[in-house]
Amino acid sequence: MSKPLRIIFAGTPDFAARHLSALIDSHHEVIGVYTQPDRPAGRGKKLTASPVKELALEHNIPVFQPENFKSDEAKQELADQNADLMVVVAYGLLLPQAVLDTPKLGCINVHGSILPRWRGAAPIQRSIWAGDAETGVTIMQMDIGLDTGDMLKIATLPIEATDTSASMYDKLAELGPVALVDCLSDIADGSAIAQKQDDELANYAKKLSKEEAKIDWTMDAIAIERCVRAFNPWPMSHFSVEDKAIKVWQSRVESYTGDATPGTIIQADKTGIYVATGSDAIVFEQLQVPGKKAMGVQDILNSRKEWFEVGNTLN
């Protein structure tokens, strides 16, 4: 077994908390946790601690919540902990070079893609959106660039035809902690090999927007179906009927060679709501109308049949 490392962990959401949990269960010593300040959440907008903070407090690990690292005080607070390494997972704050240089072995990051593909904020969603066959996690030595650091470990898994961003998030949240603990062993015993990224293969996973999730019927059905899975659970692919936003939870592609205008309903029955697109048909199997839970297509047709008559055009 490698020697234990003195680790500072920095992260915020549940995805990060699962990695912190693996570190706590390892033989390494988590000496401090950084997470974003408590934020208002829920209907009452009550200040709420992040999942990472809650887990750290359960294990009596000191928690630090600076707004940023611009002040000398915040930088000194970090330096005083005398850490070997800082592990960063979905922290949400930019780390200046002074912070990256503070731990003896620097900072490493767990990123939700196979770098250099999908650098940036939404790698899980963009991999599904683009129709990638696989994704994974990359553990890299952090530098000042955006996900540009040398790669220390890559773990991969296939993207199944039914995977959504929600399901892939869960899969990577299981894959990442295992890869992280393995990587820490390599770092501790000096066997980790850093591999530079090929910048020519890099692309950027920009943040999702609600506007992007509005279905463009001129796209081909395959692309629309990918969007449905990529934008689940947020911001959810949607279209409009009588100015009502309808969210799409599940869809499939069917061959269609007719000449109906994209956005036109060409069939509606218990097998689905078939809509013409730029190429082939998209078939909706599960939808959500405002104020209701997601429903199968038969329930939708029973309650809102007039919205989905053959020949109607969806916006």
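Heads up, the Cβ atoms here are built off N, Cα and C, so glycines get one too.
What Swiss-Prot says about this protein:
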BINDING   Ser113, Ile114, Leu115, Pro116  (6S)-5,6,7,8-tetrahydrofolate binding site
Other CB atoms, at most 10 A from the CB of Pro116 ((6S)-5,6,7,8-tetrahydrofolate binding site): 19
Non-site residues, in chain order, whose CB comes within 8 A of the mean position of the CB atoms of Ser113, Ile114, Leu115, Pro116 at (6S)-5,6,7,8-tetrahydrofolate: His111, Arg117, Trp118, Arg119, Pro123, Gly136, Thr138, Asp147, Met151, Ile154, Gln197, Ala202
Surrounding CB atoms that lie within 10 Å of the CB of Ser113 ((6S)-5,6,7,8-tetrahydrofolate binding site), all protein chains: 24
Residue among the binding-site residues Ile114, Leu115 whose Cβ has the most other Cβ atoms within 10 Å: Leu115
